[in-house]
Amino acid sequence: MHEYFVIIPNCDAFSNTRDMLVNDIRYLYTEKRLDHLVLGKTTAYAQHYDASLLQQVPRSLSRDTINLPLELPFTGVDTWNAYEVSWLNTKGKPVVAIMQCDVPIDSANLIESKSFKLYLNSFNQTRFASEEEVLGLMQKDLSACAGRPVELSLVPCAAFANIRIGDLPSHANADFPACVIDDLDIAIDDYNLSASSLTTHNEVVSETLISHLLKSNCLITNQPDWGSVQIRYSGKQIDKESVLRYLISFRQHNEFHEQCVERIFYDILTHCKPKKLSVYARYTRRGGLDINPFRSNFEAPYNNVRLARQ
């Protein structure tokens, strides 16, 4: 293994260049650390249960990039919904279900999404005695991949009608009145990620800002990731145009879902300094999976309610 050292002058004249180079170096380092992943590669689909298909991504890779402190400024969870879960009963008859998987944010690893899909597909032609046996295996395997116990539940066909479609705000709170900011009439000509637009006013408020315009791109494949985001906070009022510009600046940014939400949280916390802050995103599904990261320094995670685009 080789180590390389880059010396960049530490003065104002070189500050922009220095920041760009540091980000490029971090990106290349991250990409190298992830080149073992099946994501973005042609893969064979396993016909029978195989726990070895699961792959992990260290959370530290992105947290180091955005300079998160070791003592995280938030709590939260990554809620996955899997809509294409199936296995065979002992007679060979297919069973289908919807799975919810809650991964704690203090786990060492993210679960890589394509490997998650391949893992779930490996159940398709495998016989199991009961739903409990399937749930037990999934609980064991996914917890091992994440590095912390995950919480799992399976929704059988008979209960599908109970799954409702909702809207943001999730967990409506009269103390934090909600406002959708997407109709603001702003001009955009720069789609490079930047938190520099974030500004505040002197008035102290408690409110919930909602946007359905979040779009980023997969770190490995560059495929688009579409999402809706809810920002709930107390503190100096965040300029709504500035936060909409900031969210739109993710449009050409490459990062995993969970990493984007942590970046949004920390950028707002750093630039706007709210006393209370929650950031919640619900992403559209890919490969039968959707990911819904929640981060907060004052609230418990919200109920898992699908949006129309999911």
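Don't overthink the numbers, they just go from 1 along the chain as shown.
Glycine is no exception: its Cβ is also placed from the backbone N, Cα and C atoms.
The domain 'NADPH-dependent 7-cyano-7-deazaguanine reductase N-terminal' annotation in TrEMBL covers 45-153. In terms of DSSP helix, strand and coil, the domain 'NADPH-dependent 7-cyano-7-deazaguanine reductase N-terminal' (45-153) has 34 helix, 35 strand, 40 coil.
Note on I111 (substrate binding site): other Cβ atoms within 10 Å of its Cβ, all shown chains, come to 25. What TrEMBL lists as substrate binding site is I111, E112, S113, H257, E258.
Annotation comment: TrEMBL describes S113, K114, R286, G287 as NADPH binding site.
For C218, the entry in TrEMBL reads active site, thioimide intermediate. Note on C218 (active site, thioimide intermediate): other Cβ atoms within 10 Å of its Cβ, all shown chains, come to 18. The DSSP secondary structure for C218 (active site, thioimide intermediate) is coil.
Sequence-distant neighbours of D225 (active site, proton donor) (same chain, six or more apart, CB under 8 Å from its CB) are K215, S216, N217, C218, H257, C260, Y283, T284, R286, listed in sequence order. Taken from TrEMBL, the feature active site, proton donor covers D225.
According to DSSP, G287 (NADPH binding site) is assigned to coil rather than to any helix or strand. In sequence order, E84, S113, K114, K117 make up the list of same-chain residues 6 or more apart from G287 (NADPH binding site) whose Cβ falls under 8 Å from its Cβ. Scoring each of the binding-site residues (K114, H257, R286) by how many neighbouring Cβ atoms lie within 10 Å, the top position goes to H257.
The substrate-binding residues named in the record, I111, E112, S113, H257, E258, extend over a maximum Cα to Cα distance of 11 Å.
Of all Cβ atoms in the shown protein chains, 22 besides its own fall within 10 Å of the Cβ of E112 (substrate binding site). Residues V57, D78, W80, L110, F116, F256, I291 surround the recorded substrate site, their Cβ atoms falling within 8 Å of the Cβ centroid of I111, E112, S113, H257, E258, which are themselves excluded.
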